[in-house]
């Protein structure tokens, strides 16, 4: 897409632009200003300037829907350390919900597709970006101290961490989405799903069928696995594979990862598979041979060793790659200087008029810093300077988390929290609470930043107004904080109640804080060496393709390779399997694949996610009886 039209394009029907034309997945070419103007002319005009978007019904229903979803994510995190992405789920549910309102006469008109993006932004913020903090660091603090934080402190802590993360994403949005045009597979799935649902005509009907059939297949698969298939598959393989099963080298059938692999593509998925194989088939057995891990150690024990090198690889690679874009960094922050300039400001570009102002970034960061610094000092005896360091670190690690989310469709906030715990283990040895809560600022802010970028990418693909979408996302924080905190306190009234849950996230955070609270000297030499090796590898995998471009296609991506050291081998295998299926379809059925691959993969993710939510809700109801 290289058209440089300066006037609005003409349309052949009454459909808005985002429904009439394919999603702009191939990106735009040119200078940053040209790229942004092309998006404005070819995607925004005809959609964002024509349709209702930020409405009371979109925001209110989104907040209510997200609050319900926050309950399921809280429970899932406490039981198994896993949470469901809310953006896609909320988008599909909100479409069906409001169309039902129209049929019942409750509403006079259905929501527009851009109202739906605002609805799912508010729902996503309420349902995802607030609960992770509670089930990780806050629950870990309960394990360590035996006491809950005061209720008012908990509300304020969760709220301001979410504000910090959401506003932190403002400059990242223009760099990663507008300029670099990172894919964000979940965003593609959501945008494609909404586009098919709202479209008209034969082509849309065919894509809708592909979406529906693949969603039904994924739903049936999820039900079958939950009904006993997963347990049977695991039992059979455990007897055959022995210790390899405990190292996560076994076959599981989770179609959500397969669909994500098809969207992510071959290079990243193959990098995940290579990294996972090196980690779990070579490194973990070596650790066992050195008696650093017991034979047949499971994922939880193994990842406490593998996480360090993989995280270092991702952190170094992401920061170095970002620093190579120093001109774009300066450009992203250039409007900050204009805010304080006494000279007349230059005229804003078309895109800048609808982007979230950098003044909102500055206000959000300063207010959050002040509030979190006060709360950390008053409640946890954390020095003010330490809170300042935590916020600065949060920005750079949020860059990493957002990039990984965009490239690999996984948000490694836990891994980034470990980086902060490691840093504060060095600068504040012996201060376990400071270690825990400073890292909580980083992981919570990173999660909120990534969540916002996922939603903003949906709007970018559909031609939404990013400033209006940001307001919807921000509004979800209020009700999401209220519901998630009250629900958490109801489910876990005291430390004894927490023992009835697996709470793997909380236990990992607590154990790491205890280990690193004594400083670097108490970290095992192998972990220190793995950090050094991972950092060097991440640097190499960025520098070589940059200076020897022809080697790029033969080298794994540092994000994919490093991320594989923080997830199970079978997950990386399913990513690769999905990419192989997508690659095969592209080669054998080129035209059909171009038309149906993304709707099919999107349907698989939607079906698996929606059914997983339903199964989880049934489990909560059944357990409470």
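Every residue, even glycine, has its Cβ placed from backbone N, Cα and C.
TrEMBL: automatically predicted annotations, no manual curation.
Per TrEMBL, transmembrane segment is recorded for 54-76, 82-106, 126-145, 151-170, 255-283, 303-324, 358-376, 382-402, 470-492, 528-548, 560-581, 601-621.
Count of Cβ pairs under 8 Å against the transmembrane segment (560-581): among 151-170, 255-283, 358-376, 382-402, the largest is for 255-283. Under 8 Å from some Cβ of the transmembrane segment (126-145) lie the Cβ atoms of residues 62-63, 65-70, 73-74, 77-78, 83, 85-87, 90, 154, 157-159, 161-162, 165-166, 413-414, 417, 432-433, 436-437, 439-440, 443-444, 447-448, 451-452, 476-477, 479-481, 483-485, 488, 492, 495, 498, 503, 505-507, 509-510, 513-514, all in the same chain and six or more residues away from its ends. If you look at the transmembrane segment (528-548) against the transmembrane segment (303-324), you find at least three C-beta pairs under 8 angstroms, all six or more positions apart, and that counts as contact.
If one looks beyond the transmembrane segment (151-170) by at least 6 residues along the same chain, the residues whose Cβ comes under 8 Å of a Cβ in the stretch are 125, 129-130, 133-134, 138, 356, 358, 360-361, 363-365, 367-369, 371-372, 375, 379, 391, 394-395, 398, 402, 440-441, 444-453, 456, 470, 473-474, 477-478, 480-482, 484-485, 489. With pairs at least 6 apart in sequence, the transmembrane segment (303-324) and the transmembrane segment (470-492) have fewer than 3 Cβ pairs within the 8 Å limit; the two do not touch.
Touching of the transmembrane segment (382-402) and the transmembrane segment (303-324) is concluded from the presence of at least three CB pairs under 8 A, sequence neighbours closer than 6 excluded.
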